[in-house]
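Listed in TrEMBL:
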DOMAIN    18-329  domain 'Acyltransferase 3'
DOMAIN    409-619  domain 'SGNH'
TRANSMEM  46-63  transmembrane segment
TRANSMEM  83-102  transmembrane segment
TRANSMEM  145-164  transmembrane segment
TRANSMEM  171-190  transmembrane segment
TRANSMEM  196-218  transmembrane segment
TRANSMEM  225-245  transmembrane segment
TRANSMEM  251-272  transmembrane segment
TRANSMEM  279-299  transmembrane segment
TRANSMEM  319-336  transmembrane segment
TRANSMEM  351-372  transmembrane segment
Amino acid sequence: MNSQVTAPSAKQPYFPHIDGLRAIAVLSVILFHLEFVLFSGGFIGVDVFFVISGYLITAHIRTAVTQGYFSFKWFYAKRARRLLPAMLLTLVATLVVAWFVLPASNLERLAKENIFALFSVSNVLFWSESGYFDTASTLKPLLHTWSLSVEEQFYLFWPLLLCFVKKERSVFLLLVGLGLISLVAAQLWVEQHPELVFYMMPFRITEFAFGGVLVWLVGKGTVKALLGEVLTFLGLVAVIVPVFMFDESTLFPGVMAVIPCVGTALVIAYGGQARVAALLRWSPIVYIGLISYSLYLNHWPLIVIYKHVAHQFAVADKLWLLAASAALAVVMYHFVETPFRRKTTIISKRFFAPLATGTALAVLGASVWTLVQDGFPERHARTQLLESDIEAGKQRRFQLVSADCRERGWSECKMPSANREQNVLIIGDSHTVDAYNILRTAYPERYYVNKSLGGCPPTVGGTLYDIWAGWSKLQECDQLNQERLAPEFLRQFDTVVIAVYWGRYQPEHLSETLRYLEKEADLDVVVFGNFLALHKPMPDLFNLGVDPREAPDTVKSFALFEDKLQALSSQQPYRFVSKQLLLCADEDLRSCQMDYSGELFSYDDHHMSYEAAVKAGQVLRERAPTWDDFLQH
C-alpha cells in the first residue's frame, strides 16, 4: 500500500487535516496568551499559520496562472472577502466595548492601533513601541493583529513573484533563495534586534517560503505508507513539542523557527491519509480549524479588556474567556465569515464593497476623532490621565540625570570627577534612575555617575548567562559589566550604589557581586530595595479608580526580598536603603503614600516617578543629614 502525497489540483480540493493543523495553531496561541505556563511556546502557532498560508496561497495562484484565469483583481478580491469582514467587525466591536470600559489613555492607544490595523501595518507600530513579552504589550487590545499585517504584506509581493517569473524552476529556486536569505538574516539579527526580527515581514518570509516550496515538492509521486506515517509523526512532534519546550528566552524566529515550519510542512504533505494524524481529521478538531480565524481575532481583545476591568487572572477566569472566545467565533464564522466569503450569496454580491468601505472609513474616522479628543476623558466622572500626561510623567524621571549630563558634557557624563571622595557610582538596571533621583535630592553635593542598562544587573562570572539566557541584550550587558566592574574603574569612586529590579536578580546573586567588590576595590557599598510592583501600570489603575492599597490583587510584589536584603547587610558590609521605609509609615502597604505633589508614585508598573523619588530623598535627608550619617545610618 502506498501513501499519496497531498498536491494542489485544478479544483483545489479541501484537506481536512490542514484545518486540523489550524486548530493546533490557534489553540497553542490562545493558551499561551491565557498564560497557561505549560504552553510557554504557544507563540509558534503563528508560524504554523504562516506555513499553511504560504502553501495554500501559492497553490491557488499557481493553479490560476496555469489555467489562465489569474488576475490581481480576482486575487485581492478573494483575500478581501476572506479577511476583511471578520477583521472589521473585530475592530468595531473592540472600539465600542472599549468606549464603555477603557479609560481615556487606553482608548487613545486603541485608536492608534485601529488605524495601523486598517492599513495592515500593525507590526510596524508594535515593533516601534516595545517587545512582545513585556507587560505593556499584554494590555494592547490589537497586539495580535501584527501577524495579520505580516500576512497581508506577504500578499502584496508574493503574487508578483509567481506571476512575472515565468519558468516554474526559476520560481522554485527564487522561493528557496528568498527563504534562505530571510532565515540567515533572522538568525544574524535575532539576538541583537529580537523585536525587529519578530515583527517585521522580511524576517518571516522563511515561514511562507516553506509552504510555497511545498507546492513544487508534493505530488511528485508516492511514498510507502509506513514512511508517510513516520514523516507525519515526526512532523507532529516538531509542531507540538516546541509549544511546551520553547519560552520567552528562546531566540525566535531564526533557526529555531525551522523546527515547527518543517513539522507543519511534513504534516501538510503526508498527513492527509496518515493514521497517526487521524485526530487532525476528526470533525470537532476540523471545526476548530474552520473557525480559527474568528477565534484568533476575538480572543486577544477579550483577554486584554478583561484584564483592564478585573484585578485577577485565575484559572476560572481563563477558562471563561476561552469559552467566550469560542462562542463568539462560532457566531462570527457562520454569520460574518461564511456569508461574505461566498460570492454567490446576495449579501456578498451586492453589499460587500460598500459595507467594507463604509465600515473601514467609519472605524478610521472614529479612531482619528478619538485621538483628536484625547480619548474622550469626559466620559468618566473622575479626572483622567491622558496619554500625554503619562508620557510626560515617564520623561520627568530623567530630568536630573539629563541636567547633570548637560552641565558636564554628554561625553563626560559617565566618567568620574578628579575628586575621588566625591564620586558615587550607581550601577544596575533601569532602577538606577530612581536611586539617582533619591540620592541627588538628598545629597546634591556628591558627584553621581550612572552606569546602567535596562534589565542589566551587575553580575560577575557566569551568573548573567544563568539568569538571562536568551536575552537579546545579553552581550551588551556582559560588556557593560566588564566596564563598570573593572577594578581600575571602580577605584576612581568612593561609593558604589546597586539599584536593580529584584526578581530574576536575587540576594544570592548580589552576594557574589559584593564579594567581588570587597576583593577588588576599597569602596563603601549601598544597596537599594524595591518599593511596589503592579500587575498593570499605575496610570491605568488610577483612571479606573483603583487604589493598590485597597486592591491586593493588583500588587505583584511589595518590598520584595526586603528581609533577605536586610539580613544579608549584617553578613556583608553594605548600607541597605529600604524605599518602603522612606515612603510608608510602617511595613503595611496601606500606610504608603500613592501620590506626591499631585503626581502618581509611578507612571508604569514598577519604576518610581520623579516626584516619589524626590520625596524619598527629602525623607532620607531628614533622617541622615550628611553623607557620612547616611553611610553609617
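The backbone N, Cα and C atoms fix where each Cβ goes, and this holds for glycine too.
The stretch from 171-190, 225-245, 251-272, 351-372 with the most CB pairs below 8 A to the transmembrane segment (46-63) is 251-272. With a cut-off of 8 Å on Cβ pairs spaced 6 or more residues apart, the transmembrane segment (251-272) and the transmembrane segment (171-190) reach 3 or more such pairs and are scored as touching. Counting same-chain residues at least six beyond the ends of the transmembrane segment (351-372), those with a Cβ under 8 angstroms from any Cβ of the stretch are 80-81, 84-85, 88, 91-92, 95, 107-108, 110-112, 114-115, 118, 340. Pairs of Cβ atoms less than 8 Å apart link the transmembrane segment (83-102) most often to 279-299, out of 145-164, 196-218, 279-299.
The largest share of C-beta pairs under 8 angstroms with the transmembrane segment (279-299) comes from 319-336, of the ranges 145-164, 171-190, 319-336. Away from its own ends, the transmembrane segment (319-336) comes close to residues 30, 34, 85-86, 89, 290-295, 297-299, 302-303, 306 of its chain (Cβ-Cβ under 8 Å, at least six residues beyond either end).
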